[in-house]
Each structure stands twice: as structure tokens, then as C-alpha cells.
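Heads up, the thing below is written out as C-alpha cells.
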Amino acid sequence: MTLNSLPAWTALQSHFEQIRHARLRDWFAPENDRAPTRAERFTIPGGGLAADLSKNRINDDTLRLLVQLAREAGVEARRDAMFAGEIVNPTEGRAALHTALRATDPHAPFHAQISAERAKMATFARAVRSGAWTGYTGKRIRHVINIGIGGSDLGPKMVTHALHHVASPDISTHFVSNVDGADLARVLEQVDPEETLAIIVSKTFTTLETMTNARSLRDWFVARGCPEAALAKHFVGVSANPAEVVKFGIDADNVFEMWDWVGGRYSLWSAVGLSIMIAIGPEQFDELLAGANDMDRHFRQAPLERNLPVLLGLIGIWYRNFFGSQSYLVAPYSEALHYLPSYLQQLEMESNGKSARLDGTFVDYPTSAVTWGEPGTNGQHAFFQMLHQGPTIVPIDFIAVLTPEHPLASHHPKLLANCFAQSEALMLGRTLDEARKVAGPGKEALAPHLTFPGNRPTTTLLVDALTPRTLGALIALYEHKVLVQATVWDINPFDQWGVELGKILGKVVEADLSAESVDPAKHDSSTTALIERARAALKR
């Protein structure tokens with residue numbers, strides 16, 4: 001049975017027509033918002049977090065029908081299959097066991113293997129942090145460069161930045177992902193080879209961007225005096241292909257294993273997170289895992305009606321498939337979470353940006369929304385104008401950290417006030433009559449420019465304090481939200497075939513850029529012209 005033919009889907013279509021013009025400000029009006037208040041009914045705790053869903057364009061019937069949709073689509077069954085280690089990535093014939101990486105149950109899949117690798121990580125991280133692991137001249141390591149791309153970069157970078165306040169002050173962590181040499185060059189300007197450790201992260205150890213940067217970094221070490229025989233003091237590898245790591249020249253003892261049953265965008269919990277562990281220490285890394293496990297338990301045990309990942313996923317479907325929203329915004333009012341929107345871009349769009357159903361037929365409904373964002377309050381001075389007064393409705397996830405992780409505590413009430421005020425303003429709007437009063441006498445023509453449509457939907461996620469544990473829960477919340485949506489849309493969130501075609505053609509174009517001549521029959525006229533212009537520039 002296809003999504004469009006599910007009874008709950010049909011019921012939601014009728015329900016949408018009934019409430020599509022309902023006003024949030026009316027639902028919050030004192031005469032309508034009696035105890036338990038709307039905020040009380042629609043605030044859901046879970047995994048150490050809480051979500052205020054009350055400023056969404058939903059009522060009790062909406063949630064009831066959305067939960068019915070989740071049941072009819074098989075969300076519970078697919079969730080349980082994932083945790084059990086069943087094949088939930090059918091196009092690659094794999095399980096998706098990122099949850100096993102943070103499981104405490106000794107009977108969880110691959111528990112012994114995971115525990116052994118984490119113990120190896122912890123031993124190494126402690127040696128680097130304590131100064132016992134030194135560079136080739138005997139100096140302690142003060143710089144760690146993580147070289148990877150996609151899931152081998154975005155997750156570790158996001159977490160390391162977010163938890164800077166609990167990181168070692170003695171070690172700086174740098175991230176290089178782009179094949180553009182400027183990325184690596186800027187980092188190399190900041191580091192001393194005698195005090196630098198490189199972590200090369202690639203599942204296959206053949207990724208173009210990662211290996212290009214890794215080779216350039218190796219050459220840099222040698223050019224600055226590091227004997228090739230001493231490179232083992234400065235290079236470690238994280239991969240599912242240890243033979244290729246050794247072939248590159250990294251000592252076999254310096255190889256940390258990742259597995260093909262963990263997708264890249266779900267891999268920060270594995271040895272891919274070695275840079276995180278070195279920065280914050282093994283004990284804090286364990287807390288990060290514990291927070292994710294808190295959310296895993298909530299996802300598995302909470303009824304769907306009070307289940308945070310389920311409700312966030314379903315509300316996203318409500319806007320994407322019924323209201324027709326093209327994008328949704330993540331606005332963390334926390335500079336520590338600066339890289340969370342970038343991380344979620346990959347998590348959401350690489351997972352659910354699909355058109356083929358699990359049975360190989362093509363969907364006739366939208367799937368992943370465009371995910372974007374910027375920390376508050378920066379976004380208010382960039383794109384919030386469009387959110388408030390533009391004709392496009394963009395659902396928003398606000399993320400508010402209630403207590404600061406830094407010493408400048410006097411800033412924090414201003415930050416929180418802006419977050420909460422934005423959600424209120426987006427919900428309330430300003431009518432034309434209200435705008436006339438604001439404009440004042442004799443300024444009738446200004447009033448339309450001072451109106452706000454309002455009724456703009458937002459969710460506010462509350463985090464008591466940004467700790468490794470609450471961050472772990474927050475990340476896992478979004479991971480599971482993605483699974484919920486993929487299940488309803490009947491797509492596979494664990495593959496990413498969409499990145500392959502560009503890679504294949506990229507190798508052809510790269511060869512043409514250095515060839516003596518280019519066969520115009522190999523490419524369309526536009527691509528051929530671009531290649532010819534680049535060839536001319538590269539010869540200068």
C-alpha cells in the first residue's frame with residue numbers, strides 16, 4: 001500500500017483543509033487556552049531535552065492523525081529492525097547500527113568489537129592528552145588535524161566546537177575537508193610539524209578529497225624535516241579498509257577501525273570521533289555516548305504520542321507534504337552549536353533526499369526539505385526579514401540552551417530573550433489595524449509595510465545546559481527523526497547514491513584538464529567550454 005492510499009493520509013488531507021486557515025494567535029487567546037494550556041499539552045520531554053511544539057499549526061486531532069500515520073507506515077517495526085541489526089539499508093545489503101556504538105547492553109550487536117576499539121581509542125587519546133605521545137623531536141602534541149569529508153568531518157567538527165568549554169586547553173583541533181588547497185594551507189600556517197598529529201578519516205581510504213589532502217600533508221611533514229621513518233609519530237588512520245591505510249604508509253598499530261554497518265553521517269560515535277575524544281577526553285566522550293543512548297531509549301520506549309523523534313519527524317512531514325514547505329530552518333541560539341545546521345544539512349538531505357521507494361518505484365510526493373540555518377542572533381540580521389514578512393512559510397526549529405557554558409553570563413538573558421521573542425513574533429504577527437497604530441497619524445501608507453502575517457510555525461527545543469550528555473541526546477534526536485520521516489516516505493535513509501555520478505564524471509573532467517586536447521564529443525558544449533577555459537588558465 002502506497003503512502004497516498006493509507007487511511008491516515010486520506011484523513012490528514014481532509015483535516016488539513018479544515019484547519020489550514022486556523023490562526024495560532026486564536027488558539028493561544030485567553031478564552032481558548034484554558035488549563036491545561038496549549039503549551040502544557042504540547043511540551044514533550046525526552047532524553048534530557050524538552051520540545052515546545054505549541055507554536056506549530058497543529059491541534060490534538062492533527063497529532064492523533066499523524067501518529068496514526070506513523071503506525072500505518074510501520075515506524076515502530078522499522079525502528080525495532082534497526083536496533084536489532086536487521087538489514088535496513090537494502091540497496092547496500094547492510095544494517096545501520098550507529099545505535100550499537102552507544103549501547104550499554106552487552107548483548108547488543110557487535111558489543112565486544114565496539115568496546116575493544118573504544119578502549120584502544122581511549123588509550124591513545126590519554127597518551128596524546130598527557131604528553132606521553134610525542135612528535136618525532138620529543139615535543140608533546142599541541143595540534144590535531146582531522147582530515148576527512150562529509151561524515152568524517154561534519155560530525156567531529158560540530159561536536160568539538162560545541163564542547164570547546166570542556167576540551168583540553170593544551171591541544172588545538174583543526175579540520176580540513178575541502179580539496180581546495182586553501183583549506184589545508186590555512187591550517188598549516190597555524191601549526192608546527194613537531195607538535196602536530198594528523199588523523200586521516202576515510203571509510204575506503206580512497207576518497208579523492210581526503211587522500212589528496214593527506215598526501216599533501218605527508219609531503220609537508222617531510223619537507224619540514226620529519227624523517228619518513230618517523231611519520232608514524234604524526235599520522236593515524238580511521239578506516240574500514242586497514243590494508244589501504246597501511247599501503248598509504250601509516251603504521252598498522254596506528255589504524256583505528258570503523259565498520260560498513262555505520263554510515264558516514266552517523267559515525268561520530270565510532271573511531272571517526274577520535275579527534276573528539278582527544279579534545280574532550282575519554283570520560284566526556286563516554287558522556288556524549290550516554291546522552292545519545294538516553295535518546296535511543298526514549299525513542300524505543302516512549303509511546304508515539306509522547307515520543308520526541310517521532311513527533312518532530314511527523315510535524316516535518318505535515319509541513320512538507322501538506323503545507324508544501326520547501327525548506328526548514330534550524331536556528332540554535334548558541335554560538336557553540338554554530339556547526340549544527342551544517343551537520344544537519346548532511347544528516348537530513350543526504351539521508352532523505354531520495355525519489356525512489358524501497359520497492360524501486362518512484363514517489364509522487366515531496367521528500368526531504370532543504371535544511372539550512374545559522375546561530376541566533378546572527379540570523380536575525382540576515383534572513384529573518386524573509387521569515388517574518390516574506391510570502392514563503394519556513395518552519396523553524398529554535399534551540400535554546402538555558403544556562404551558559406561561558407563566563408559572560410550577563411549576555412545570556414539577552415540571547416534567550418531574542419530566541420523566545422522571535423518565536424512569539426512569528427506566531428502572533430501584526431495585523432493591518434495594529435500596524436496603523438504603530439505607524440501613527442498621517443502615515444497610513446506605511447502601515448502595510450509594518451504588517452506581519454504571523455502564523456509562522458516554530459518548535460523550540462530546550463536544553464538545560466550544553467554538556468556532552470545533552471549534546472549526544474540532541475544529535476540522536478535528529479538521527480531518529482530522519483528515520484521516522486524515511487519510513488513514512490518509504491525510502492532508504494542509509495544510502496547516498498546521489499553523490500556517485502558526479503564523482504565518476506569528475507575523474508573524466510580531471511583527466512581532460514591535463515590532457516593534450518579534449519574530445520568535444522565526450523561532453524556537452526557547456527562543459528567542454530568550461531574545461532577549455534580552465535585549461536588555458538591552468539597553463540598560465
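Indices start at 1 and increase along the chain as displayed.
Backbone N, Cα and C define each Cβ position, glycine as well.
Within 10 Å of the C-beta of E350 (active site, proton donor) we count 22 further C-beta atoms, all protein chains included. Per Swiss-Prot, the feature active site, proton donor maps to E350; the stated evidence is sequence analysis.
The active site feature in Swiss-Prot is assigned to H381 (among others). Taking Cβ-Cβ distances under 8 Å and a sequence gap of 6 or more within the same chain, H381 (active site) has no neighbours at all.
Residues annotated as active site in Swiss-Prot, with sequence analysis given as evidence: K503 (among others). DSSP assigns K503 (active site) to a helix in the three-state reduction.
The separation of K503 (active site) from E350 (active site, proton donor), Cα to Cα, is 15 Å.
Proximity of K503 (active site) to non-local residues of its own chain (separation of 6 or more, Cβ distance below 8 Å) is seen for L208, given in sequence order. Look at E350 (active site, proton donor): DSSP puts it in a helix.
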